[in-house]
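A quick write-up on the structure given underneath.
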């Protein structure tokens with residue numbers, strides 16, 4: 001790449017750096033365009049940056065700016081702009097590329113350069129910043145499609161040929177035929193004029209045979225006349241909210257229709273039919289008069305699906321849900337869209353999305369080894385907290401260890417999901433713009449997940465153990481806890497002289513046990529509140545039938 005020169009002093013500005021930060025070779029050719037940054041972007045902000053008018057400061061500023069993947073070119077002042085930057089300064093035009101929302105993009109670009117200057121003590125100041133935008137979301141041009149026409153029969157038209165012609169005409173109207181060429185023109189050109197241009201080899205110079213290809217304007221693809229008033233800009237969120245309201249209305253109509261009887265069922269059906277046209281015009285706005293079939297078809301499909309879903313709701317909800325269930329369901333439905341968008345903003349073009357091909361497979365065996373250990377920890381806390389029993393006092397399958405760990409892991413995952421969604425929204429609105437934050441955030445998130453899982457699991461185990469102790473104290477068997485089932489039993493010694501660990505053995509009242517452990521059985525005395533252990537061959541264990549053992 002060549003060095004670029006300014007219009008004022010002729011000092012050289014260093015060429016763009018490559019991926020390793022080294023400058024390109026100098027030549028006498030025109031300056032090569034700046035390479036695109038490695039990170040994707042959807043916002044462009046052009047800034048006029050004033051730098052100290054010295055070779056060292058200019059080179060340092062250019063290196064810092066180009067090192068971020070931004071394009072830098074000299075600013076040539078006009079006749080009335082000689083002193084716009086002040087004495088002893090020169091201008092650089094910098095294009096900062098960001099990914100995120102339109103809101104806050106300009107401020108984020110200004111903050112990026114100012115932070116860069118403060119960090120490296122570089123003499124550069126932002127003078128002007130403007131968002132670079134082009135009207136690309138709405139295209140008011142006429143769209144013409146070329147497709148192969150249907151072969152006409154040699155003989156006169158028959159009934160079958162008329163039927164096929166009707167089918168083909170409907171396919172053509174709904175855009176279900178294969179387009180082999182698409183042309184877009186400003187205004188409302190005549191189809192014959194465009195076909196004549198194509199036949200003469202215009203545009204791409206590809207051959208066009210009017211005898212084989214048929215050119216037409218699909219329904220709703222008619223452009224806007226240049227002399228017409230500008231159309232209103234399309235706003236996504238109001239349209240999305242309106243369609244959501246239509247969806248809820250359609251589901252409600254189906255729900256009421258499923259619960260109605262006799263002629264009352266006609267009322268929700270008529271309301272649903274009235275929604276077809278407004279929904280269809282919102283899904284397929286007409287750009288030419290007379291094109292009514294497409295909005296009707298799309299509106300009918302949308303409303304029909306909503307009504308069918310609503311008619312299935314009474315069968316799914318067999319009984320009337322409680323107010324708490326309805327409230328939680330409403331909160332969940334409301335939170336799903338913002339959380340989903342937040343997760344998308346957090347993961348798109350991030351370290352995780354670039355390394356998921358190896359990070360996810362590496363995470364699976366780690367979870368496979370960690371989850372049973374954590375489930376065993378919860379079982380140990382459950383036995384120790386309430387009954388002061390060792391972990392070997394109950395025999396638990398490894399599958400129950402997996403099951404026990406799912407609740408705290410799920411709670412931690414839910415918390416992480418909310419945090420990631422908030423971070424995604426902050427990233428989307430350019431509130432997080434620090435280099436290396438992804439790696440630091442990944443480490444902090446890992447610690448957060450581990451800490452949340454441990455704290456939640458231990459807290460849940462302690463709560464369940466306290467409930468189990470209270471149940472045993474009142475003479476009831478405790479509830480099952482992930483493969484651990486305790487029961488009150490009567491224990492009779494088979495001889496007068498038996499070895500009892502932490503005795504004595506109370507044979508007149510029920511004791512709690514979680515089953516045999518090898519050749520021994522661990523017991524817990526509710527009255528003493530202490531554990532004890534005996535050999536299985538020394539005692540007879542029977543089911544408790546009353547509050548006392550005979």
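Cβ from N, Cα, C; glycine included.
In TrEMBL, the feature transmembrane segment is placed on 234-257, out of the ranges 234-257, 474-497, 498-521.
In TrEMBL, the annotation transmembrane segment applies to 301-320, one of the ranges 281-300, 301-320. Your range for transmembrane segment, going by TrEMBL and the list 442-461, 522-541, is 442-461. If you look at the transmembrane segment (442-461) against the transmembrane segment (263-280), you find fewer than three C-beta pairs under 8 angstroms, all six or more positions apart, and that falls short of contact. Outside the transmembrane segment (234-257), and at least 6 residues removed from its termini, the chain residues within Cβ reach (under 8 Å) are 137-138, 265, 267-269, 271-272, 275, 278-279, 282-283, 302-303, 305-314.
With a threshold of 8 Å between CB atoms, the same-chain residues lying at least 6 positions outside the transmembrane segment (263-280) that come near it are 243, 246, 249-250, 252-254, 256-257, 294-300, 302-303, 306-307. Outside the transmembrane segment (399-422) by six or more residues, the chain places 338-343, 346-347, 371-376, 378-379, 445, 448-449, 452-454, 456-457, 460, 481-484 with a CB less than 8 A from a CB of the stretch.
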